[in-house]
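Engineer: Here's a structure for you.
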Amino acid sequence: MSDLASLDTSQHPYLPQSASLLFDAKAKANLSFEQIAQHIGRNEVATAAIFYGQAKASKEDIIKLAELLRLPATALEMQMGGFPDRGRSVEMPPREPLIYRLYEIVQNYGYAYKAILNEKFGDGIMSAISFSTNVEKETDEDGNNWAIITMRGKW
């Protein structure tokens, strides 16, 4: 498989130690996040978030990752068994162009989203804990590729 996501640790100095271990093993196994997600029983975004240290891996996730990536389960458990330190992995504003575009979407549409959500649901917030997200690829009739990012959060 080609075009697999990899990790340049010099670009991500705040990621947990487990990130390097997981990304190196992912590259050696030549696996996509979709393939890894199927093995551990999660969606691919949640799986990638585990690799970046932004989601909590369950004991079962750690065992399945160790098995698939041929890593010592005890080493993974030591590095991933605690609680994630979310939100520290990226400088703000982000410099990476795709991450910046996502940031820009929130800058441009954040208050519009808030207004519509408040009108539909009343006062409150959308959870980022009771949350799921998915990425799909769509190709239109002209052959242009479109990214579809779905976010689902408890109100």
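The backbone N, Cα and C atoms fix where each Cβ goes, and this holds for glycine too.
Just lifted these from Swiss-Prot, have a look:
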ACT_SITE  Arg101  active site
ACT_SITE  Glu104  active site
ACT_SITE  Ser127  active site
Engineer: Cα-Cα separation of Arg101 (active site) and Ser127 (active site), in Å?
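Structural biologist: Ser127 (active site) has its Cα 22 Å from the Cα of Arg101 (active site).
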Engineer: Any idea what the Cα distance is from Glu104 (active site) over to Ser127 (active site), rounded to a whole Å?
Structural biologist: 20
Engineer: Provide the number of Cβ atoms within 10 Å of the Cβ of Ser127 (active site), excluding the reference atom itself.
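Structural biologist: Excluding its own Cβ, the number within 10 Å is 11.
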